Amino acid sequence: MGQYEERPVNSPVICIFVYGLRVQLPVLIYLDRILMGDNGVSEIFEEPRKGKFKANKKAKESVLKQKSPAEFFAENKNIAGFDNPGKSLYTTVRELVENSLDSAESINELPSIEITVEEINKMEFNTMIGLVDRERVDEELYDDFESAKVREKRLAKEARLQEIQAKNASLGKKAKEPSTNTKGPKGRGETSFFKVICKDNGRGMPHDDIPNMFGRVLSGTKYGLKQTRGKFGLGAKMALIWSKMSTGLPIEISSAMKGQNYTSFCRLDIDIHQNIPHIHLHEKRENKDHWHGAEIQVIIEGNWTTYRSKILHYMRQMAVITPYSEFLFKYFSHAADKNMTIKFARRTDVMPPVPLETKHHPSAVDLLLIKRLISETSKPNLLQFLQHEFVNISKSYAERLIGEMGPDFSPKMFVKSLTSQQIVRIHQLFRQAKFDDPSGDCLSPAGEYNLRLGIIKELQPDMVATHAGSPQVFEGHPFIVEAGISLGGKDVKQGVNIFRFANRIPLLFEQGADVVTRTASKRINWNSYKINQMQDKIGVFVSIVSTKIPFKGTGKEYIGDDITEISSAVKSSIQQCCNQLKSKIMKKLQARERQDRKRNLTRYIPDASRAVYQILEEMTRDNEPKRQRYDEKDAELLDKVESEQITEKTLRDNLTQHIEKVDYEMALEYATQSGVNEEPREDIYLNALENLPDFVDFHSPVNISFTACKQRMENEDSYCWL
C-alpha cells in the first residue's frame, strides 16, 4: 500500500502516502467514493456547522414518553365525572358518600354519615393560602372590562326597557318578562371554593396504608370479582387531583379502626407525574372518644348553584335505596337564608348481606385472565386448577374438559408448565363448552323490604308494588333486577318518573339512553294496567346489582339498551309490579263504584219511602171485600199501616239500615279477599329507631322551606328531620 505519515494529534488533517503521493484524508475518502460510484461527496468538503452533531444526536434519541395513571386522569378528568366545577362538586360528594357506605357495610355497622359543604369566597381562600389581595391597576387587562361607550349604550337600553315597562303597567297591560339576552359586562363570574367534609362510622383505615389509599391512583381494597360500589380505586384520588388542580391545597384524613386507642391523621397531596403520595404530615393522635371510622376534608373549586338540585336529589335517592342508613347533610353559605341542614333518618335496621367475592365463570374469562390465574394459583396440577379457580366446574367435568383438550393435556400435568398454545386451547374450549349459570349467592341486592320501605319513607305514595327477580346471567356474570312502582306521592311529577340504581348507587345523568328509561317509556303499555301514563304520578324504581355492571360511556352513568338479558329482566320486573298495582286499582275502582251506588241509593231513600207509604195508605182505604184478596202477610202489613205501627219514618229507617248492612257485607268480602282486617284501620307513622325528640319530623324531604327550617332551628335549637 505504501507508507503513511501521521501529524500531531492537534493537526486537523492526517496525511497518507499512496504510491509515493502525499494525500490528505478527505481527498482519500473522496477518491474512494468515486471508485465505489458514490457521487454524494459534496458534504465532505463543507465546513462543519455549529451544532450539527448535537442535532444528529438528538434525532437519534427516542421520542417515546410515558405518563403515570395520575397524570392521565388529570388530563382526562371528565372520564371520572369531573367535567366542570359544578359536576366536580357533585362527584366529590358522591364518591365520599359511597366510600363511607362501603366502609360501614363491610363491618355490618348501620351507616351514619355526615356530609358538610361549606362555601369559601375568594378573599377567604386567599387568606387561607397566604395570598394578599391586590387592587386592579390596569382594568383593560381583565375579562370583565367594559369601556365607557359600551357601558353608556347598555345603560341607555336598560333605561328604555324600564320606561316601556312602566308605560305598559300604567295602561294595565301585562308586563313582559325582562329579556335575558341583554349583554352585560363580559366575565366568567367570581370563583367559588368549597370545603367538603365527610365523616362516617365505618371500618377505618390502617395507619400505614392511608398515604397510598389516597395518594396513588389505581390502588384500593375493592379489586376482585364481587359486587362493589367502587371498583378502580379512583374516586377519592380524583377529588384530591381536582383539589390540586383548582386550589393546590392538600387533603386531610382522620381515621381510626375498632379497638384502636389512637386516631391516624394525615395531610397529603399527590405527585401527578410519579403517581405517589406527597405527605405533609402523618401522625398518631389520642382517641379519647373511642371513635372508629374516617373523616375526609378536601377544598375544591365548585359551583353549588347549578348542581344544588342534583346533590339533594342524589342524597334523597340514596336514602330510598339504603333506608337502613342515616344521612345528615349540612350546607353553610355566607348568605344566611341559603344555609340548610337536612337529615334523612334511618327507618330500619335490616341490612342487606355483605357481598361475597366469587370465582370467575369459565365463559367470562379471556387469555390474559387465564394467564394471571395460572401465575397466581397455588394448585399444582391442571385438574385442581380447573376445579378450584373457576365456578361450576366439578371434578368429573374437569376431567371431561381435559380429555377434550387433546393428547397434550393430562389431569396431573404441572399447570405452570402450560405453553401459550395450550392456554389458547383452554380458552377456546371455555368459549365453546356448556357450563351451568353462576348463582346469585355472591350478590347483595337491597331486598324488596328495604326498597318498599325506602319508597314509602321518601315519597309517601298512594300505592306501591315491588318485585325482586331471580338471578340471571350476562356473559358469565350473575345479576339481579329489583323493581318498584309507585302511584301518587309528594314531590312527584305527572307522568313517568324514573329512578335508576346500579349496585345500590343512584344514577342521575344520561337517563335517555338507559335500558330502564327505554323500557318504561316504550315497552310498557300502562293503559292495560289501568294506569294513565300522562296524568298519573308514576314512580319507576329499578335496581340492578351484579359483579360487573355493563355501563356505557366513560362516565358510568347509564346501562345500554342493547343487552337482551338485562332489558328482558327489567321489563319482566316492571310488569310484575304493574300486575300487582292493577289488582289493587281494580279493587279500588270496585269499592268506589259501591260507594257511588250507596250514595245514589241513600239519596233516593226519602222519595222511595214516601211513595211506598202513600201506596200502602191507599190500599188501606179499600173496602173490606177487596181486602180479602190479599194474603195473610199483606193484610197484616196493611193493618199495621192503618194502626200507624208502620209510618213513613219507619220505612225510611229500615231502608237506610238495609243499605248499610249490604254495604258492610260487601266491604267485609272485599277486605277478606284483599287480606285486610275487618276492624277499622288506624293511620300509623314509622318513627326513627333512635329517640331524638329535638328533631322535627317532616314527611317529605323536598317540600320544605329551608328559610323556615333555619328560623325554626334558631328558635328551638332543632334540626329539620327528613
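Placed from the backbone N, Cα and C atoms, the Cβ positions cover glycine too.
Listed in TrEMBL for this protein:
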BINDING   N99, D200, T221, K222, G230, K231, F232, G233, L234, G235, A236, K237, K556  ATP binding site
DOMAIN    438-597  domain 'DNA topoisomerase VI subunit B transducer'
REGION    166-190  region 'Disordered'
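Sorting the binding-site residues L234, A236 by the number of other Cβ atoms within 10 Å puts A236 first. Fewest other C-beta atoms within 10 angstroms, among the binding-site residues N99, K556, are seen around K556.
As a whole-number mean, the pLDDT of the domain 'DNA topoisomerase VI subunit B transducer' (438-597) in this prediction is 88.
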